[in-house]
């Protein structure tokens, strides 16, 4: 469960993500494809090469959706219900992949936020991304 302190840390550090959504998102996706190559199966129509426009665009969408979740932490489920439906019913993404991408996004944050990615910030993002993954997986039940 996200505490008030967690929410404050997320909102403060998210300010540093703004303006870098496409870069951070693309980097997280590329890390996921390298580390967990089985995830590529969900993107058969994408050019999966480094710097691909499709990866950059999708990365931006992912990080922008996370930004909306940061803004709407109190009612994340209702704010992101459409995404949950899309991933469960249309794309049929195995929910374990949400955790894989979350791990890669946390690495990207650590690399770019450097000293500002403290253990408390790491804990807050871990809890937040887990909550987002749980919300996306709601429709699978």
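Each Cβ is built from the backbone N, Cα and C atoms, and glycine gets one as well.
What you are looking at is a predicted structure, and each value in this text was computed from that prediction instead of being measured.
Going by Swiss-Prot, these are the annotated features:
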| type | residues | note |
| --- | --- | --- |
| DOMAIN | 1-141 | domain 'Globin' |
| BINDING | 58, 87 | heme b binding site |
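Residue counts for the domain 'Globin' (1-141) under DSSP, helix first, then strand, then coil, are 114 helix, 0 strand, 27 coil. Per-residue confidence over the domain 'Globin' (1-141) averages out at a pLDDT of 88.
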